[in-house]
Amino acid sequence: MTPRIRVLATGGTIASTTGDGGATPSLTGDDLVDAVGDIEAYADIEVERVCDELSFHLGFDQVADLARAVERAAADGIDGIVVTHGTDTMEESAYYLDLVLDVDVPVVFTGAQRPADAVSADGPANLLAAIRTAGDDRFERGVYVAFGDRIHAARWVTKSHASAPDAYTSPGAGPVGELTSSGISLRRSPRSESVTLPAMEFTTTVKMLQSGLDVEDTLLRHAIVDGVDGVVLAASGIGNTSRRVGDTIDEAIERGLTIALATRCYRGEVAPKYGGSGGSYTLHDHGVIPAGGLPPWKARIKLGLALSVFDDEKDVREVFRGSDHDF
């Protein structure tokens, strides 16, 4: 039986053409589907417009709208969902949906690195790959990114090249599978690899602070004064930062600010190892929430959603103990 696939169009490079002012979204979801040859051999396609944005312009409210569009599609009996999306923040939107959705259909993001009017446009091939993935009955639930003939789980995927067509990797896990001429070759069982949160809206303010050589604490002090809900520290190495930032983190925690500790490294996790102000052992001991191996930009989403529904820090801390390793 041919699967029913709904394509949710949000804009991005895949829907863009280039004019005097640069590339901007100009094509509809139907235009994108029409550009894919032999698509009827894989699925019966429905198209829904969600928005027409370059992904670096998207807000959390629009990502929540996208999540609700997925829920409606699942309620309509759709077999799989494809989201066309810009590549700059695709991994963040995909992870957001992986955290908030509880639906028994696969959601597959895809996009393009080259505009639709480029001679070597990669959008049609990526869209077909996503449709094939969403229609494969081995993918029962979870959120994925299909790009460059590889399928990645939302938890692990990251954009690792700014412009190359093979833009995505999954450091620490590798892809779930690969698309071949004969079908989809799986490397592990497809499923959601994230915890599910009872949230849909991102209603908090969470800042992200980048650590580095001799980094100052100015931005963290601004966050304290502004009364934000949380901060994610993109720490160096195993979870370390400068003395100044370390001292100010102590002050922030004493004032009730929730701080999650992530590493700016692509592989590995934060862990309590080094003492002294700003050392990872000290930061853990003083009450930061370890984000494991989550990259800082995904830790920000997880922390913001957790703080949107939980008042008790123990519950927020438990969210970060969720199954990021069991694959």
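Quick reminder: no glycine exception, Cβ is built from N, Cα and C everywhere.
According to TrEMBL, the feature domain 'L-asparaginase N-terminal' maps to 4-190.
What TrEMBL lists as active site is T13 (among others). Same-chain residues at least 6 positions away in sequence with a Cβ under 8 Å from that of T13 (active site) are, in sequence order, A23, L54, G86, T87, G111, A112, Q113, R114, P115, G123.
In the three-state DSSP assignment, the secondary structure recorded for T87 (active site) is coil. Positions annotated as active site by TrEMBL: T87 (among others).
Among the features that TrEMBL reports, region 'Disordered' is placed at 163-191. Outside the region 'Disordered' (163-191), and at least 6 residues removed from its termini, the chain residues within Cβ reach (under 8 Å) are 87, 91, 106, 113-114, 122, 129, 132-133, 136, 138-142, 144-153, 155-157, 266-268, 293, 327.
The annotation domain 'Asparaginase/glutaminase C-terminal' is assigned in TrEMBL to 206-320. On the 0 to 100 pLDDT scale, the model's mean across the domain 'Asparaginase/glutaminase C-terminal' (206-320) is 97.
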- Query: Among all the protein chains here, how many other CB atoms are within 10 A of the CB of T87 (active site)?
  - Reply: 26
